[in-house]
C-alpha cells in the first residue's frame, strides 16, 4: 500500500511492477502444469523413479494416459484379457513392464514394438498359449523374461533371436513337451533357465536340447530340474542324468524315416474320415478308399535296467582285467627276485666246488711218480 502523501507517478510505477510480477507468476504456474506429467486415474505415480503403479485395480484395459517418460509400469493383478497392438505406443522410455496375474491369452505381434529400452518383462500367471516369433524383436536390451505359469505348448523358432542381453528366462509350469536347440542358440549370455514343472517327453525330439543343456551347464549356467514324464521307464528322472545310450535308437529311427521318405507318397490323409455315401437301392456298395491317417509308430527307448546292466558289466570286466594285470605284475616281480637270489647263491658256491677234471689229472701225476 502507498502512503497517503504519495504522488500519482509513484502509484503508477508500483501498479506496473505488481502487474509484471503477476504475469511472471502466471507463466511459471503454466509451465509447471505443462511440465508435470499427468497420472492415470486411481494409479500411483512416483515422479522421482518415474514409476506408475496400476496394480490390483481390476483394470480391463491399459490406461491411455500413461506418461511418455514412464520407466516402470506395473499392471499386475488386474483383469486384462486382450490388449490392442497400440497398448504401449509412445512408451519408448519404458524399462520394466509387469503384466503378471492377468487373463491374457494372446499378445499381438507388434504390441512391444515401441519398447526399445525394455529390460524386464513379466508375463507370469496368464493364459498365453502361443507366441509370435517377432514378439520381442524390437527389445534387444531385454535382460529378464518370465513366461512361467501359462499354457505354452511350444516356442516358435526365432523367438529369442537378437536377445543377446537376456540373462534369466523362466518357462516353468507350462505345457512344454520338447524344445528345439536352435531356439536357444542366440542366448549366448543366458545365466539362469527355469524349465521345471512341464510334461517333458524324453525321446528323440529332446536329444539335441539335452546336448545344449550339457553345454549350458558346462559354461556355468544355472538350470533347474528337467524331470521326464514319458516314457514310463524315465518318469521322474532328471533329463541330464539319462545316459546317452538311451538315445542310440534315434539314429536308427532317422534312417528308417529317411528310407521311408523315398517311397511314392499316397493320397493325403485326414484325421476324420468323411461319412460314407448311402448306396442306391439295389446297387452294391462300392468300397471307399481309406483316408484315415495311419497311426504313427511310437518308438520307445531302451530299458534303463539294460543300459545300467551294460555299464555294470563293462565295469566288472575292466576290474577283472585290472586285477589280472596286477597279479601278473606281482608274479613277475616275485619270479625275478627268486631268480636273482638263486644266482647269488650259485656264485657263492662256485669257489667251494673243485674242478673234477683237475683232480683227475692230479691223481694221474701222483700214480706216475709212484
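Glycine too: its Cβ is placed from the backbone N, Cα and C atoms.
Quick look at what Swiss-Prot lists:
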- 198-252: domain 'LRRCT' (DOMAIN)
- 90: N-linked glycosylation site (CARBOHYD)
- 117: N-linked glycosylation site (CARBOHYD)
- 125: N-linked glycosylation site (CARBOHYD)
- 257: N-linked glycosylation site (CARBOHYD)
- 69-90: repeat 'LRR 1' (REPEAT)
- 117-139: repeat 'LRR 3' (REPEAT)
- 165-186: repeat 'LRR 5' (REPEAT)
- 1-35: signal peptide (SIGNAL)
- 332-370: topological domain 'Cytoplasmic' (TOPO_DOM)
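Location within the structure of each feature annotated in Swiss-Prot.
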residue	record	contacts (Cβ under 8 Å, 6+ apart)
90	N-linked glycosylation site	68, 114
117	N-linked glycosylation site	92, 93, 94, 95, 141
125	N-linked glycosylation site	100, 101, 102, 148, 149, 150
*Average model confidence [pLDDT] within the domain 'LRRCT' (198-252)*: 85
*Take the domain 'LRRCT' (198-252) and count its residues per DSSP category (helix H/G/I, strand E/B, coil), listing them in that order.*
30 helix, 9 strand, 16 coil
*Residue distribution over DSSP helix, strand and coil in the repeat 'LRR 3' (117-139)*: 0 helix, 3 strand, 20 coil
